[in-house]
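Structure first, commentary second.
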Amino acid sequence: MTLILGIDPGSRITGFGVVRETARGCEYVASGCIRTGNGPLHERLHVVFRSVREVIRTHGPTALSIEQVFMARNADSALKLGQARGAAIVAAMEEGLSVAEYTASQVKQAVVGTGGADKQQVQMMVMHLLKLTQKPQIDASDALAIALCHAHTQQSLVPHGLVGARRRGGRLRL
């Protein structure tokens, strides 16, 4: 039984989702959004760090799965997103968690079956897979999807003997 923490990083809103991986599939544990407010960036990053560390200490996951940065139209936004990712990753590393990174299309492919799914499709599949009766906030549902992606990826690698096969820099390299 493994607990996986998924993080959808952001400098203003960071979604988190915790799932328990069992022999019967994945079960919902917790989810929510970390709202950092409107202060200076360094204060918001500190909120992300402290809050992710608190989620880890509360729920005790052994793995963190996080979305990779994508380069959009706005380089400043991508830099802030990367810094928020860094704050979450450092919190996880300080608590001894393994870290796995996934692209948005990998997450969508693993959860919905197509890398081009929209946020509502991801949200509906997360609800279905985790048997949720209410829609989680969109950032929280993205984080749950990232955790589910990690669980599905690990399950598909086990039969091939690839889990932990080659790790460099904290990422599984295939």
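Keep in mind that glycine also has a Cβ here, set from the backbone N, Cα and C atoms.
Per Swiss-Prot, the feature active site maps to ASP8 (among others). For ASP8 (active site), the number of other Cβ atoms no farther than 10 Å from its own Cβ, over all displayed protein chains, is 28.
According to its DSSP assignment, GLU67 (active site) is in a strand. Listed in sequence order, ILE7, ASP8, PRO9, ARG85, GLU101, TYR102, THR103, ALA104, VAL107, ASP142, ILE146 are the same-chain residues six or more apart from GLU67 (active site) with CB atoms under 8 A from its CB. What Swiss-Prot lists as active site is GLU67 (among others).
Taken from Swiss-Prot, the feature active site applies to ASP139 (among others). Long-range Cβ neighbours of ASP139 (active site) (same chain, at least 6 residues apart, Cβ-Cβ under 8 Å): ASP8, GLY10, ILE13, THR14, GLY15, CYS33.
Its Cβ taken as reference, ASP142 (active site) is surrounded by 28 other Cβ atoms within 10 Å in the chains shown. Residues or ranges marked as active site by Swiss-Prot: ASP142 (among others).
Per Swiss-Prot, Mg(2+) 1 binding site is recorded for ASP8, ASP139, and the stated evidence type is sequence analysis.
The annotation Mg(2+) 2 binding site is assigned in Swiss-Prot to GLU67.
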